[in-house]
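K.L.:
Here it is, the structure in full.
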Amino acid sequence: MPSLMSFGSCQWIDQGRFSRSLYRNFKTFKLHEMHGLCMPNLLLNPDIHGDRIIFVCCDDLWEHDLKSGSTRKIVSNLGVINNARFFPDGRKIAIRVMRGSSLNTADLYFYNGENGEIKRITYFSGKSTGRRMFTDVAGFDPDGNLIISTDAMQPFSSMTCLYRVENDGINFVPLNLGPATHILFADGRRVIGRNTFELPHWKGYRGGTRGKIWIEVNSGAFKKIVDMSTHVSSPVIVGHRIYFITDIDGFGQIYSTDLDGKDLRKHTSFTDYYPRHLNTDGRRILFSKGGSIYIFNPDTEKIEKIEIGDLESPEDRIISIPSKFAEDFSPLDGDLIAFVSRGQAFIQDVSGTYVLKVPEPLRIRYVRRGGDTKVAFIHGTREGDFLGIYDYRTGKAEKFEENLGNVFAMGVDRNGKFAVVANDRFEIMTVDLETGKPTVIERSREAMITDFTISDNSRFIAYGFPLKHGETDGYVMQAIHVYDMEGRKIFAATTENSHDYAPAFDADSKNLYYLSYRSLDPSPDRVVLNFSFEVVSKPFVIPLIPGSPNPTKLVPRSMTSEAGEYDLNDMYKRSSPINVDPGDYRMIIPLESSILIYSVPVHGEFAAYYQGAPEKGVLLKYDVKTRKVTEVKNNLTDLRLSADRKTVMVRKDDGKIYTFPLEKPEDERTVETDKRPLVSSIHEEFLQMYDEAWKLARDNYWNEAVAKEISERIYEKYRNLVPLCKTRYDLSNVIVEMQGEYRTSHSYEMGGTFTDKDPFRSGRIACDFKLDGDHYVVAKAYAGDYSNEGEKSPIFEYGIDPTGYLIEDIDGETVGAGSNIYRVLSEKAGTSARIRLSGKGGDKRDLMIDILDDDRFIRYRSWVEANRRYVHERSKGTIGYIHIPDMGMMGLNEFYRLFINESSYQGLIVDVRFNGGGFVSQLIIEKLMNKRIGYDNPRRGTLSPYPTNSVRGKIIAITNEYAGSDGDIFSFSFKKLGLGKLIGTRTWGGVVGITPKRRLIDGTVLTQPEFAFWFRDAGFGVENYGVDPDVEIEYAPHDYLSGKDPQIDYAIDALIEELRNWNEELPQRPS
């Protein structure tokens, strides 16, 4: 029996009185720190100097005195502090601060312990993610200068290099040692930690990007001294030994070696949590573990927990703007709408004057009209999703006990008798709204059945059924099935030879409409010889009663027979297209004398792929009588239709929700969702978010048996840390460690809402600067292809190369020893500014140029073009060069940009170093497999190869440890298919794919490894190992220092050698 919960009578809230009193009380209460109710905290990133310890707690920086036991907060309100290091003299502290809602930028500050001054040092807005920390403290040189590691001036975000900071950030001197995370000094020698960042989200990592340690030898070269089979992180030096964290024995422990990488010793035997964040004052080592701080004395091998005590318990309420976290919305009867925000459901009128919260604790996912004065909703727990009913007239709620799995789509029939839900078990089912009893209609073998509709007479359910004709088919198709509630029988509405979708019934339930990719008409590619099917969707209609006329054809009634009975047998034979040109259609809504079609114009995928930009749709109206199509609304991202088919609710690209009557679309109104602030408990939210993160991992990890064993073992272990979490970043630390227990790639946390501090901004002009006396000089200006958009420093637009020019001022503000150029540029990002340049011989230039927000792409294209020129010159015009930065849209762009020219050289280098992965490697492999077998011989002009997109001669691919995911797959495929030699270093080793489908209540995206990649010969072995090259060529720190690229040099030499024995046959015109 369903459990019945009564919440008493319903009270509508007068919005004006509520909002004023809530905000007034909140402002007063928020300032009050509840010291009497302090709870233990999560303590992170400690460092030590003498008797002073610093650490991060509640996003702020604290200091603890080991002698007195006193603790005080020393830096707060900067953003989220996640790292801090004492300078060697202990007078200053370098602090890393992350900003932006999802902590997507980071910069460094100095804190002066003598006078309390806080000063921003870097203006790089370095990339920041939960899995790697860019623009961070790398170490200190023997003179006490800070050395940072940053990706800010590099062509790749995964390439962090070392810079010495001079004059409090006025000057940054590159060390030119290549990728590095840490730098230490021992006996006057530099010790480099490459990739020695933390990997809490991937415990047990063994791939090519695992941390390694190099040391400088007497010759000025570097040698690798620590290269274990597992990851190495947080290196520090005490005496003549290097200490670090690794889990070579299966669990994270502190190990050490001597300065030659020998005499490996294990110092700890932890079994609860991994140690993290090693730091030292040269005598003792400090670290955090399980939210507490410990001190390790290498001389005595003793470990002590530092008892700091309870510090801070911020007020356990968070107030949010509902529209910022809106997840689901739905029209109800009359002027009422329902929507879900931050896991809570609300019913309100359009104006927002009256707002009613559905009285169900977190977490609600969907809410739909459930009949007169009722809504049906899906709410989730860590066990699964459940159905509930709420009567907003009486205030009574009913929650059913049947676990529906993880629900990803929900609908309710117009009469409020049953709901239809689709879950991740690939089931579509009905749920009786009286008893809560679920009945499975059908289960797919291939995918979720989320594309469904219910007829207005509540008799039929039509849905898109995913299918493949064989277990190893490459494509999942979709056919329309119809379930008859009266006969409890399934009927095929379409054949199984295409992708049929978006079924919809008309108001009298006599006709079934749907969309289909059946109108194939290829469009030519404008860059290479290729075609694509861009506008293939067309609407179709099926009369459900045999003998009934097509409702979109104006057949006189006198010429048609009387309507008979429903007969769904062989209904696919009655399908006919509607007279609308093909397009990219997503939804169809039949009305009495017209049809609404939701269409998305053809567009590029770049913004959607990299920025998550929603597709902008257009609502079209097809008039059956005139057969004309008109535009109703544009810039839409989502759409809902009311039960009576009279009102439409839409979300637009501005993120707001609007409603309008179909009879008068111009009478559009904004749904005012933000008049009532959303109030929630931080503690309750964090527990729910942890539970959901744990459940997502349990239910989506690709190996079900392994997921069950791990999930049950770790649940309580990490949930015990959640009460210590007082900020969202605290919780993030717990969640990523929990995910890391699966020891598999692609376990990420992305996005979310961590702080209200705006992201750091940076201003760029695609130039490097160096300080010459009191002035900045342009050390290098970057450009790729000067004719391409966005590929050169804006200074080049004036026809001068600014290299060597002195920068006197920017908009009249002198920059140099007394004024940081990076600060000045950051304040002008996105605008134009006048820059005064001074060259040799008194040459002065005043230039108005655009200050860029980012210049990485320019630096990337400059790097590619420099490599291409080098390859062409060194091979004397016989070898071409292509770099592929990822296997996404940018990777496709860069491949085709160069392939059409570079493939015609006798040899070809395909460089996938630093490849960020994606999914298009197979498209690129397909092109590289094309070998020339003939030529077209014109009377005039030159030869044209056949196939047109084909490789002329020999190929070599270069890969490295930063090539991962689909970059791993490309590297293995290139090698396996024998396309040429693969050289470089072992790849990242992450090939269990992801398709994130759910967000946490604050917008956080969590990914779970769902699709394990298997190769012939390698099996599942590429995961957590990588791909070994045919020839290993290391790129050592001293190679970067000397300006050499040994991997490209080897590739050129190897291709030249192969071409010695390559005989090319070209056509000779007959006489």
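Numbers here mean position along the shown chain, with the first residue as 1.
Cβ coordinates are placed from backbone N, Cα and C, and glycine is handled just like the others.
Heads up, here are the entries from Swiss-Prot:
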REGION    39-310  region 'Six-bladed beta propeller'
REGION    326-675  region 'Seven-bladed beta propeller'
REGION    679-745  region 'C-1'
ACT_SITE  H746  active site, charge relay system
REGION    856-1061  region 'C-2'
BINDING   G916, G917, G918, G993, I994, T995  substrate binding site
SITE      D936  site 'Substrate specificity switch'
ACT_SITE  S965  active site, nucleophile
SITE      D966  site 'Transition state stabilizer'
ACT_SITE  E1023  active site, charge relay system
K.L.:
Which one is it, among the recorded positions H746, D936, S965, D966, E1023, that lies nearest to T995 (substrate binding site) by Cα separation?
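P.N.:
It is H746, whose Cα lies nearest.
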K.L.:
Could you give me the DSSP helix, strand and coil counts for the region 'C-1' (679-745)?
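P.N.:
Helix, strand and coil residues of the region 'C-1' (679-745) number 51 helix, 2 strand, 14 coil.
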K.L.:
Quick one: Cα separation, S965 (active site, nucleophile) versus D936 (site 'Substrate specificity switch'), in Å?
P.N.:
39
K.L.:
Specify the count of other C-beta atoms within 10 Å of the C-beta of G916 (substrate binding site).
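P.N.:
Neighbour count, Cβ to Cβ under the 10 Å cut-off: 22.
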K.L.:
Compare all C-alpha positions of G916, G917, G918, G993, I994, T995, the record's substrate binders, and send over the largest distance in angstrom.
P.N.:
16
K.L.:
Listing them in sequence order, which of the recorded positions H746, D936, D966, E1023 have their Cα within 10 Å of that of G916 (substrate binding site)?
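P.N.:
Of H746, D936, D966, E1023, within range: D966.
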K.L.:
Find the one among the recorded positions G917, G918, D936, D966, G993 whose C-alpha lies closest to that of H746 (active site, charge relay system).
P.N.:
G993
K.L.:
Tell me which of the recorded positions D936, D966, E1023 ends up closest to G917 (substrate binding site) in space, Cα to Cα.
P.N.:
D966
K.L.:
If H, G and I count as helix, E and B as strand, and all else as coil, what does DSSP give for D966 (site 'Transition state stabilizer')?
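P.N.:
Assignment for D966 (site 'Transition state stabilizer') reads helix.
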K.L.:
Please report the number of other Cβ atoms within 10 Å of the Cβ of E1023 (active site, charge relay system).
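P.N.:
Other Cβ atoms found within 10 Å: 24.
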K.L.:
Find, among the recorded sites listed as D936, D966, the one whose Cβ has the highest number of other Cβ atoms within 10 Å in the structure shown.
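P.N.:
For the recorded sites D936, D966, the Cβ with the most other Cβ atoms within 10 Å is D966.
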K.L.:
In sequence order, which same-chain residues at least six apart have a C-beta under 8 angstroms from G918 (substrate binding site)?
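P.N.:
Same-chain residues close to G918 (substrate binding site) (Cβ under 8 Å, separated by 6 or more) are D886, M887, G888, G891, S965, D966.
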K.L.:
Just to verify: the residue among G917, G993 with the fewest other Cβ atoms within 10 Å, which of the binding-site residues is it?
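P.N.:
Among the binding-site residues G917, G993, the sparsest Cβ neighbourhood within 10 Å belongs to G993.
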K.L.:
Rounded to the nearest Å, what's the C-alpha distance separating E1023 (active site, charge relay system) and G993 (substrate binding site)? Just drop the number here, would you?
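P.N.:
Each residue's Cα considered, E1023 (active site, charge relay system) and G993 (substrate binding site) end up 10 Å apart.
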K.L.:
Using Cα coordinates, what distance in whole Å links D936 (site 'Substrate specificity switch') and I994 (substrate binding site)?
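P.N.:
Their Cα atoms are separated by 44 Å.
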K.L.:
Could you tell me which three-state DSSP class H746 (active site, charge relay system) falls into?
P.N.:
coil
K.L.:
Tell me, by DSSP, whether G993 (substrate binding site) is helix, strand or coil?
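P.N.:
The residue in question, G993 (substrate binding site), is strand (DSSP, three-state).
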K.L.:
Taking the region 'Seven-bladed beta propeller' (326-675) alone, what is its mean pLDDT?
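P.N.:
Summarising the region 'Seven-bladed beta propeller' (326-675) by its mean pLDDT gives 95.
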